[in-house]
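Heads up, the thing below is written out as structure tokens.
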């Protein structure tokens, strides 16, 4: 007798209310009626109950007063004297220490060390990559700036890991702490990087310390999340076996859980570094040293040639650190027997030592500064090329820009800013209710009301417009390419490395081509956020379609479906959770980029934030805009995630899909 | 084969209730509810309900039940890997529930070890370090614990695999490592939590034989959890059958097969080839008046199937004796009836 | 050598931190980050060596002045110069914690002077740059010729339609530059009841590009700009007359309804740098040149494909008599 139950018969869900179905109106009636009502209400009340922007709103003035108080009491209030200023001192000191440590071996020595670390992490390929990568910092003429950036990244990453890993490990063991942390981390991850620069300046002033703290805030959530995930993934039997043998909690942690979670913890380190790298660029706005400074300089002067070398250096640094940490994490913790002859540990260390020694020795011979004649300067030709492109493609780019602006942006913005605030709120609440239930509706209502209260309704609507247009474009492109990749392995094979590279790049780099082609307008931000958000969307869509149960596909094929029918009737519907997740990711990433786009003409909240920390009188507005951005982020995230959550509880942690594969 | 009297493990009125406010359920009338009703009413799951039994030193005691019957929770309660809600547990005279964390660790390190269904090996350590893990956490120096681990490895037939990694071994070999790890600290009691259910049938049989052999050689007290009746019958001196957290019957294999306590147990043992489990005691009858009582004698404990040759050779009924006392007789017809009539096909 | 001195510095930093810990709380200027051998430690820093931190505000004229000063500091006095890419007002905050030593071209900012110089006493004025600066609203000259009354702000609403773009919607566009620039634009539009919208180009480059196009292609353009700027030599511009500036009319930034004041651009340095900066401070204080000088360097940076350093070197090589007076004896 088999213990297996016979396959369950297809569930013929006969709803208990079946008889009433006869008198029930068709399903489309309610939404249609809703839409008609909204349109009617809009036409009737357009222009009333709008909340036009006022630079001098009371909440802004309040924040300005707070700032004035802080400014006046920075050296008197005990909170600052004994707490905030010490943090600043400590983090600044840490940065200095890293900087000195990196500068001490000289440039040749540091290249040798980098190559040695690469070699230890992943053999000669990574060693070579790492060595060449570091050399390129010098060749780009950015040695000092790169070292400063590296020091800042290391400072932020070290602090992130020191805080994040224990917290994550603890959260991995304590569901209560996990529940407590989840919303906080959600907010931290939704919060666009820009939003917390102003508070940083308020508390820690400008400089590397506040840059490192800002970076830390940005890079600590993945450390916590992935560390918690790593703990959950450890085989419970192994833990139980350890406990059953009388191991203490400490012994179990250090001898069983941490070693078994090594690969995933490696991913946590990797992600933390990646996040930190994309943040240190933005931190340059508050005088954090390094490559970001050059990029900001290029952005504020619309000078692509200025920022390109720094952009390339950042990308190279990201690739080197990414590959190094990934291969270190993926390295089997023990010698693999069989296969190619392996290099013994002694030889490994010997080679590493030789590399370091060679670097240090060369440093004695070579000049102390990276030789000027080895530096490759290409700002001028790049600017020429950009100018050429700008002028010769002007008609095309201008047409695209104007089309999107006139056809999508302006009408939508007119509707959103012209509609009464209660109507917009009502629609958002209705959508939230449908996708996520009562709680989501309440969150949506709360977010929008708070936005109105802090005096940023109109700018929030402007930003929302930009985000919506960008998201529509992102999803369109993402779906097309994702479906194409899922259907054609050859296409996927071409696309995959491009996506890999794209996802290693810090967000800021995407502003570069956008700025080059479109100047500083709202569309520039849209363009940048589309190229920023499309890669993960493609990936999620592709994976979602690929992971559709082969049995379902087989069944459909055996019924004689065409490829087309298969796609529309089987694959896409079954991939819906993945597509919803893609939409969610797309929205969160787009929002982040649109806000950064405030630097290049995106307007709305992003601009408020930018002017908030560059104009003292607008500090309050900038601060409030940061808050409004977070509120908008939560609103959009909840609405889309609610949609994602409804059919099936999310099983995988968000961070794993957020940025990349677990290789 | 019987074990000497005495008590290795004693469990009395053990309860484990998962869920909020478990203690409240325990004292009140809800404790009597059906599992489903209890869950619906309180959100609690009673995994172990009022379980009592004793295990004698050197005995192989099997707890058998289907999945969800609470047997795995029960075995984890014994060393408090799962904290019991109520009841008493005594292992070698020590009150486990009253033990301090240090005492508990001592118990786990030196006196009770466990073998797990999914092995629970540490993939990042060599086999020898897996086996030596228990000694390592006790602080035994490296050389000594490796020495001991290698000795144990050869005991379980894994000579030459000390330097391998667990994932280079087959499932059966991995479980031998698990077994070796449990034996390394030379505990008095071994707990097995469905150790072979993840293995292929053939390997499972080898491993069962291995356990029998080890039991013979090292003579540990063993508490063995399984959902496989034939495994239970093969290994167990006594078997406790669990259902919905409670023990429904506790007895020797013969008692279970011969006299099921209720329909549940009867249903369970229905397909067991009775002639291979029951002894003559269960089928002997009072001699009829005209029968000759001079046939060969067999002890009452003889398994029915083993009595076949004797019955075949003798024209007379066989006398079933216990010591000097005559319990009854069996003849060919009785044996055949026992083997065919109420027996299943067997394997 | 270098390494040893740095290690000594680190030890010094730690000592400062510990000392601060010992005496009740840390103020913002204790133990600042990043290396600052000469100015920070106040040790017996020799004339050669030491680091000067110059804030770089985002416009070409400023960069030109900064580049020349930096070149002289490095080339003639042997200092190391750290350029910090910062917005105007953010730069001032750098005085407080030691991240900025010098602002080489300050546009007014009376409120900041009050706060940082008078109240906090972390900065001091270091004299005029010799440049006169004025901010204003400009249109290409052909527009002033074609619509003679357009240069009066009162008539701007009449011509608002001309300035409409896809970014400004149904209002006229007033193109603005970098978000961090001194700006009364929003207040002016509101208080003068103009039917215009401020559109932020984001950079000086965006303004220049638009102005150039406006001249070449006869496109209407109203934009924020300032003098001194080399652009005036290339593109003919006309200034729109806003209500004239009177003393104090810009006191409340939200209520401004008058034109920008003509400013005597000056240099601001941190108090610490003024006290311990030695020759570097002397040089900054002595620095003074004309609008033509600045425009020449800025023009080279922006239009002739030179880096700031190259342009500065070219000017220094060509004008030894001008800068010789700045070098401290």
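Using N, Cα and C of the backbone, Cβ positions are placed for all residues, glycine too.
The transmembrane segment feature in TrEMBL is assigned to A:28-45 (among others).
Residues annotated as transmembrane segment in TrEMBL: A:126-143 (among others). With a cut-off of 8 Å between Cβ atoms, the residues of this chain six or more beyond the transmembrane segment (A:126-143) that come close are 107, 110-112, 114-120, 291, 294, 309-310, 312-313, 316-317, 319-320, 323-324, 327, 355, 369-370, 374-377.
For A:146-325 (among others), the entry in TrEMBL reads domain 'ABC transmembrane type-1'.
Sequence-distant neighbours of the transmembrane segment (A:150-173) (same chain, 6+ residues past either end, Cβ-Cβ under 8 Å): 91, 94-95, 98-99, 102, 181, 208, 211-212, 215-216, 219-232, 253, 257-258, 265, 268-269, 272-273, 276-277, 279-280, 283, 288-290, 317, 321. For A:150-173 (among others), the entry in TrEMBL reads transmembrane segment.
Per TrEMBL, the feature transmembrane segment maps to A:193-218 (among others).
Feature annotation from TrEMBL assigns transmembrane segment to A:272-292 (among others).
Same-chain neighbours of the transmembrane segment (A:304-321): 114, 118, 129-130, 133-134, 136-137, 140-142, 145-146, 149-150, 153, 270, 273-274, 277-278, 281, 291-295, 297-298, 378-383, 386, 501, 504-506, 508-509, 512, 515-516, counting only residues six or more beyond its ends whose CB sits under 8 Å from a CB of the stretch. Taken from TrEMBL, the feature transmembrane segment covers A:304-321 (among others).
According to TrEMBL, the transmembrane segment annotation covers A:347-366 (among others).
Look at TrEMBL and you will find A:440-458 (among others) tagged as transmembrane segment. Cβ atoms under 8 Å from those of the transmembrane segment (A:440-458) belong to residues 50-54, 57-60, 417, 421, 424-425, 428-433, 605, 608, 621, 624-625, 627-628, 631-632, 634-635, 638-639, 642 of the same chain, restricted to positions at least 6 beyond its ends.
Taken from TrEMBL, the feature domain 'ABC transmembrane type-1' applies to A:460-640 (among others).
Among the features that TrEMBL reports, transmembrane segment is placed at A:464-486 (among others).
What TrEMBL lists as transmembrane segment is A:498-517 (among others).
Non-local neighbours of the transmembrane segment (A:586-607) in the same chain are 189-190, 192-195, 282, 299-300, 456, 459-460, 462-463, 465-467, 470-471, 474-475, 478, 507-508, 510-511, 514-515, 519-522, 524-526, 528-530, 532-534, 536-537, 625, 628-629, 632-633, 636-637, 640; each lies 6+ residues outside the stretch with a CB under 8 Å from one of its CB atoms. Per TrEMBL, the feature transmembrane segment maps to A:586-607 (among others).
As annotated by TrEMBL, transmembrane segment applies to A:619-636 (among others).
Feature annotation from TrEMBL assigns compositional bias 'Basic and acidic residues' to A:643-656.
Annotated region 'Disordered' per TrEMBL: A:643-663, in sequence order.
Touching of the transmembrane segment (A:272-292) and the transmembrane segment (A:464-486) is ruled out by the presence of fewer than three CB pairs under 8 A, sequence neighbours closer than 6 excluded. Away from its own ends, the transmembrane segment (A:619-636) comes close to residues 55, 57, 59-64, 67, 186-187, 190-192, 194-199, 202, 428, 432, 443-444, 447-448, 450-451, 454-456, 459-460, 463-464, 467, 587-588, 591, 595, 605-606, 608-613 of its chain (Cβ-Cβ under 8 Å, at least six residues beyond either end). Counting same-chain residues at least six beyond the ends of the transmembrane segment (A:193-218), those with a Cβ under 8 angstroms from any Cβ of the stretch are 66-67, 70, 84, 87-89, 91-92, 94-95, 152-153, 155-156, 159-160, 163, 275-276, 278-280, 282-289, 507, 592, 595-596, 598, 606, 609-610, 612-613, 619, 622-623, 625-627, 629-630.
With a threshold of 8 Å between CB atoms, the same-chain residues lying at least 6 positions outside the transmembrane segment (A:347-366) that come near it are 105-113, 115-117, 119-120, 127, 131.
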